[in-house]
Amino acid sequence: MLFLILLCVTGAQAITTPAPPRPATTTPRRGVTSAPLIVPASSSELIVTLDGTFHSVTIDMTEIRQYVRQEIIEALWNASHVFESLETTYNRYKDVYRFTDQSIRVNTRGKLSTCKEVNKSTEVSFYKSITSQTINGKYDGDLGISNHQLGQQLFFYVMNVFPVENAFYPVRKHVVYSSLSLADGAYQLAGMATTNYVSLVVVRKISSTVTHEATIVFGNKKLLPSMRGSITKYDISLVNSDAEELLLLTSQKDYEYFSKNLFPQNWTDVFSLITSHTVGELAQILQTSVVDFARKGRCRSVHFNSHFLTTYLAVLSLYYKMGTEFVSKNERQISLQCILPKLYEANVCFDMVHRCFTSQYTRGFDSDGINRLSAAILGSMPFEPNQGLSVPTNWFLQTLYFVDGNLDPQNKGLHGITLILMDIYGRYVVNFTLTPEDRETLFYVYNALRGRKHLSTTMKNKYVSLIYCYTTSMCSATELAWGIEYWGEESTHSAHHSFSPCFMSLRFDYTLEKLNIEGSQDVKLTQTQLSNGVSAMYSLLTAKSSTWTIDSLSIKPCIYNASFVKMIVPFTNVSYVISQGVAAPGTTYDVAETFLKSSMVITVVSNSECYNLTASKEILKIPVVYNMTHPRIKCQLCDSVVISYDEYDGLQTMVYISNYKVQQDLFSDYSIFFDFNNMHTHYLLLMNNGTLFEIRGLYANRAMNIIIILLFTIAALAGVFIVYKIVMYMTFK
């Protein structure tokens, strides 16, 4: 409290020292009649007189040193510029743009929910070993953790929050640091997030001599940083509520420039966006914003405008909003079931920002304790053979997100993902559509896979094969058409419900021409909607990180021409690389015999021996199976794949035969997969032992039926003609 009094009393000069190196004179500085006077006293006291007569305060430095370290006092003294002339101080801050009496007061939703203190029977310490025994088998997360321990790990690094010459007092705090440089340094952002507030410094470099700069601060109204000179936070306050406040520090010249090019027209909307949503809500809003950046090509070519600035400030504010969970004088126990979903949504948002803006740098917001605790929870989860998960799907995937592959030697994470995908895929193959709930679950699966570091032993196991057989199968021609329609409509989008399995498949044959063909089949779309949808899907599917799925395959080092690859079908022992030219070592088959417009080959690659193989010099013909009988008794084709492709359009859809029901539905007389009315569509059967066939039996039967009908028609016409000739002959004989 004494420290706060000290700062408030000294105001512009913030004099805080046990005994200045030289006693300050009591004579007012030249040209100033009301300068604060510093009266020399004993070495343990400092007397400040504000008007020379009536108002003075005596500060006991001995008592202050009990609460404030000596080096901090000295730093504040040096930062206050006590001995510089008032003219210098005035000139230093005279150009600051002031919003005196213009701060907008808003009413927020009230105090948003934070994780309340709990008293769990099992509390986990991050400073000790964490195992399945430590958590007493509570894989549902019914555990307590220390808010201080988690906060100390997330906000671990200590840094100076503001530049030395900034109008805010320099202060060192535990922070999360974030920076982004764009256009070769023409645009620079540096953000610091603490548990009390967040600051964002924005720099626009026009030339070597012309630079514009602004500092935005948002946070707890009572804990905002102090200011130097004659400036107060009331001079630079834009928006405030009972609990929080938004400040903008910039010069008049820079304010004029940024108001035209960068600053939002309505700062109240920015304030409300951050303050009126919980961590989870704000994180999901920002996730959708990042997807919008990606679909519009704004990740590769950033538009440095008000929308971008608002989004970036809100992303930084997520750190601060998470930090409020850990601010308390006394250590308290919080529920893991409450805090983990918040951490998950926030971290997913941060990951998406990093993937969008690849030059983004962040330091901090990592918790080894959460990672180890999540691994212990995963290890305790019971998995029954051929059964689904024993815990809620979202909880499993949120927990798995924080588990490194090195902490999951039994591959329970990948096993669980296959169970989830098996369930979704079973519903999908009925009519080749996905529900919004299924898409959200796939989004969670995607995040768990993206952040997971695979052990080398997991790269060729059956779970990886199953995962990508499922996801690639769900990336069908119908799915591509759905995505084009979804993004073509100017409606409210959602990162969770707009997710497509194509974003985590092993299919890479996307071109603007192909997407236009798929989208053109939807007669409901206008030309503008078609163009918007195709552009969005193409941007999302061809992002820089779109080929990340190949990283988990054991044959990745053996693919020597990735740009040729159209699709990969992974099985446990072999993989099929479908490409426009030979792209991997193995046995290669030519698909050109089926009159495909563009060349396409299929290479059968051994997962374990591809390092020792060379590219095939001989390209074989694909064997053909005529009149293939429908499998009836058992699942003869389980763990095989059927692929359809068009002579003009190329690959269309892949179907993984996961069980007997899928097999029977696929080959039934009512199957919607086989198009009996299109003579230009062909089908390949790829088996898990490296054997492949082209299925032509359906076409042979269909062609024979047509020929028979034609023969009967010709015979009937010939009979009619003969009868006609006989009648005419008898009539005129």
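Each Cβ is built from the backbone N, Cα and C atoms, and glycine gets one as well.
Going by Swiss-Prot, these are the annotated features:
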SIGNAL    1-14  signal peptide
TOPO_DOM  15-707  topological domain 'Virion surface'
CARBOHYD  Asn78  N-linked glycosylation site
CARBOHYD  Asn119  N-linked glycosylation site
CARBOHYD  Asn266  N-linked glycosylation site
CARBOHYD  Asn431  N-linked glycosylation site
CARBOHYD  Asn561  N-linked glycosylation site
CARBOHYD  Asn573  N-linked glycosylation site
CARBOHYD  Asn612  N-linked glycosylation site
CARBOHYD  Asn627  N-linked glycosylation site
CARBOHYD  Asn689  N-linked glycosylation site
TRANSMEM  708-728  transmembrane segment
TOPO_DOM  729-733  topological domain 'Intravirion'
Please report the DSSP secondary structure of Asn266 (N-linked glycosylation site), reduced to three states.
coil
Take the C-alpha atoms of Asn689 (N-linked glycosylation site) and Asn612 (N-linked glycosylation site) and report the distance between them in angstrom, rounded.
19
Given Asn612 (N-linked glycosylation site) and Asn119 (N-linked glycosylation site), what distance in Å do their CA atoms have, once rounded to a whole number?
59
Using a 10 Å radius around its CB, how many other CB atoms surround Asn612 (N-linked glycosylation site)?
9
Taking only the Cα atoms, work out how far Asn561 (N-linked glycosylation site) lies from Asn78 (N-linked glycosylation site), in Å, as a whole number.
61
Calculate the distance in Å between the alpha carbons (Cα) of Asn431 (N-linked glycosylation site) and Asn627 (N-linked glycosylation site), and round it to a whole number.
26
Under DSSP, is Asn689 (N-linked glycosylation site) part of a helix or a strand, or is it coil?
coil
Going by C-alpha positions, which of the glycosylation sites (Asn78, Asn266, Asn573, Asn627) is nearest Asn119 (N-linked glycosylation site)?
Asn266
Cβ-Cβ under 8 Å from Asn573 (N-linked glycosylation site), same chain, 6 or more residues apart: which ones?
Ser606, Asn607, Ser608, Asn688, Asn689, Gly690
So among the glycosylation sites Asn119, Asn266, who's got the most Cβ atoms within 10 Å?
Asn266
Rank the glycosylation sites Asn431, Asn627 by the number of other Cβ atoms within 10 Å of each Cβ and report the first-ranked residue.
Asn627
May I ask for the distance between Asn266 (N-linked glycosylation site) and Asn627 (N-linked glycosylation site), taken between their Cα atoms and rounded to an integer number of Å?
69
If one measures from the C-alpha of Asn78 (N-linked glycosylation site) to the C-alpha of Asn627 (N-linked glycosylation site), what distance in angstrom results, rounded to a whole number?
91
